[in-house]
């Protein structure tokens with residue numbers, strides 16, 4: 001009787017997104033929206049729930065993903081012969097070097113290398129050459145065989161190759177590039193796999209909350225690893241950057257293997273109340289045709305193209321800062337390896353905070369204020385893309401005023417966090433059944449900036465002048481603005497007809 005009662009009380013919530021999408025531009029549908037207040041779904045509590053447990057553990061997973069991705073950006077400063085100084089101070093920067101304590105002698109035995117700026121660009125960008133290969137296959141395999149083990153073994157593979165990084169660097173730049181490519185192949189499946197899992201776990205009106213909690217791990221990984229890598233390089237030597245964070249990844253894999261399951265129905269410890277809440281809220285959104293993928297409709301979908309363009313544009317700015325901000329801090333502003341990590345992390349502190357806040361606000365606007373999903377997604381995307389572009393350009397004109405430069409870069413990245421509730425999770429709005437595949441497609445194109453961005457930026461900054469870096473920032477900002485405007489025109493917020501194979505019509 002209890003199960004029957006729960007099923008009876010939830011139909012209106014199952015159709016909340018349908019009411020919302022049907023009501024786009026239709027004033028006569030407003031009474032339906034008002035009824036949502038009167039007969040909301042009986043929600044399973046969030047505290048100690050399986051869905052929020054998944055959010056936290058996946059957040060830890062993305063912490064590992066980004067810690068293994070960005071640690072080289074800081075370690076690179078200490079791996080180069082022309083920046084390795086016995087005193088621990090930087091020399092040769094455009095601005096006056098900042099004083100820092102002498103580096104302990106016991107860690108100065110770590111190898112250093114004579115890589116020119118072009119080689120550095122290829123090493124920093126090589127990760128993405130592997131990363132791009134497994135985006136679409138990752139989405140397909142996650143839907144076909146399950147997301148849990150695909151994501152688990154993908155990150156485990158990255159961990160193992162991270163542990164081999166110091167050996168590869170000693171063997172030569174080409175070996176290091178090969179190892180980074182293999183790391184990228186492992187990490188390439190993670191986001192598509194997690195989107196596939198969220199399609200089965202995230203109730204529609206909790207998507208922004210759950211996904212921003214999940215993906216804030218990526219920002220936290222950047223926030224923690226950049227300064228901590230600087231300290232590890234300073235006190236222990238750069239090889240330990242890869243050893244220590246590799247160990248953190250091994251711990252995550254053990255927890256993931258024993259605590260995570262592909263769906264609520266396969267979870268042995270989930271409460272019946274929560275299981276019914278999740279499955280009932282999703283049953284009218286997920287495809288009932290197992291194994292069928294409407295490839296023609298997917299590749300010709302204009303709303304998907306809008307996400308592709310926005311994702312590509314945003315990542316150009318994001319990856320430019322992610323891979324080259326420590327170099328900018330070192331070569332232009334004159335910060336030592338110890339200071340570099342802390343200052344490079346500040347922009348991502350703001351980004352992480354804004355990402356979580358935007359998730360709460362986005363779901364509040366959709367559920368309580370009845371704002372249409374498409375309006376929320378576009379508004380948050382505009383703020384999260386044009387705002388960063390403005391402050392990124394401004395940072396290039398601060399000269400040697402390092403306080404103002406760090407402030408502008410921090411504001412730029414913080415505003416970028418707002419897009420976490422914009423185009424970034426729009427895949428689940430337009431096609432939840434195929435969210436992993438869609439994310440694989442968009443992330444394939446969005447990986448291109450990581451491949452070519454560092455190479456282009458280092459080619460443009462061969463002399464390391466402020467004017468050269470201004471050009472890099474202008475290019476990133478222009479691409480960001482274009483992506484925001486394109487998404488605003490062509491983005492959509494409702495489930496697309498080709499993504500649902502059920503008995504009802506969207507026009508009902």
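Glycine is treated like the rest: Cβ placed from N, Cα and C.
Per TrEMBL, domain 'Major facilitator superfamily (MFS) profile' is recorded for 53-495. Mean model confidence for the domain 'Major facilitator superfamily (MFS) profile' (53-495) is a pLDDT of 85.
According to TrEMBL, the region 'Disordered' annotation covers 1-37 (among others).
According to TrEMBL, the region 'Disordered' annotation covers 88-107 (among others).
What TrEMBL records for 52-72 (among others) is transmembrane segment.
If you look up TrEMBL, you'll see 122-142 (among others) marked as transmembrane segment.
Residues or ranges marked as transmembrane segment in TrEMBL: 149-169 (among others).
Taken from TrEMBL, the feature transmembrane segment covers 175-198 (among others).
Sequence annotations record features per position, and here TrEMBL assigns transmembrane segment to 210-228 (among others). Residues 51-52, 54-56, 58-67, 69-71, 73-74, 194, 198, 201-202, 245, 322, 326, 341-342, 344-345, 348-349, 351-352, 355-356, 358-360, 417, 420-421, 424-425, 428 of the same chain, all 6+ positions outside the transmembrane segment (210-228), place their C-beta atoms under 8 angstroms from a C-beta of that stretch.
TrEMBL lists 240-261 (among others) with the feature transmembrane segment. Here the transmembrane segment (240-261) has long-range neighbours at 53-54, 57-58, 60-61, 63-64, 67-68, 71, 74-75, 148, 151-152, 155-156, 158-160, 162-163, 165-166, 225, 229, 232-233, 267-268, meaning same-chain residues at least 6 beyond its ends whose C-beta is under 8 angstroms from one of its own.
Taken from TrEMBL, the feature transmembrane segment applies to 302-322 (among others).
As annotated by TrEMBL, transmembrane segment applies to 342-359 (among others).
Annotation comment: TrEMBL describes 380-398 (among others) as transmembrane segment.
What TrEMBL lists as transmembrane segment is 404-425 (among others).
Sequence-remote contacts of a segment are chain residues at least 6 beyond its ends whose Cβ falls under 8 Å from one of its Cβ atoms, and for the transmembrane segment (437-460) they are 117-118, 120-122, 124-125, 127-129, 131-132, 135-140, 143, 188, 191-192, 195, 293, 298-299, 304, 307-308, 311-312, 314-316, 318-320, 323-324, 427, 430-431, 468, 471-472, 475-476, 479. Summarising the annotation, TrEMBL assigns transmembrane segment to 437-460 (among others).
For 472-490 (among others), the entry in TrEMBL reads transmembrane segment. Long-range neighbours of the transmembrane segment (472-490) within the same chain, counting only residues 6 or more positions beyond its ends whose Cβ lies under 8 Å from a Cβ of the stretch, are 302-303, 305-307, 309-314, 316-317, 320, 324, 378, 381-382, 385-386, 388-390, 392-393, 395-396, 422-423, 449, 453, 456-457, 460-461.
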Surrounding residues of the transmembrane segment (52-72) on its own chain - C-beta under 8 Å, 6+ positions past either end: 46, 123-124, 127, 151, 155, 158-159, 162, 165, 180, 183, 187, 190, 194, 197, 201, 210-211, 213-222, 224-226, 229, 241-242, 245-246, 248-249, 252, 255-256, 259-260, 322-323
Other parts of the chain folded back onto the transmembrane segment (342-359), taken as Cβ under 8 Å at six or more residues beyond its ends: 73-74, 208-209, 211-213, 215-216, 219-220, 222-227, 230, 321, 325-326, 329, 333, 335, 380, 384, 402, 406, 409-418, 420-421
Spatial neighbours of the transmembrane segment (149-169) far in sequence, C-beta under 8 Å, 6+ residues away: 61, 64-65, 68, 71-72, 79, 111, 113, 134, 138, 141-142, 175-176, 178-180, 182-183, 185-190, 193-194, 197, 238-239, 242-243, 245-246, 249-250, 252-253, 256-257, 260
Residue numbers, six or more beyond the limits of the transmembrane segment (175-198), whose CB comes under 8 Å of its CB atoms: 54, 58, 61-62, 65, 68-69, 72, 122-123, 126-139, 141-143, 147-148, 150-151, 153-158, 161-162, 164-165, 168-169, 207, 210-211, 214, 262, 427-428, 435-440, 443, 447
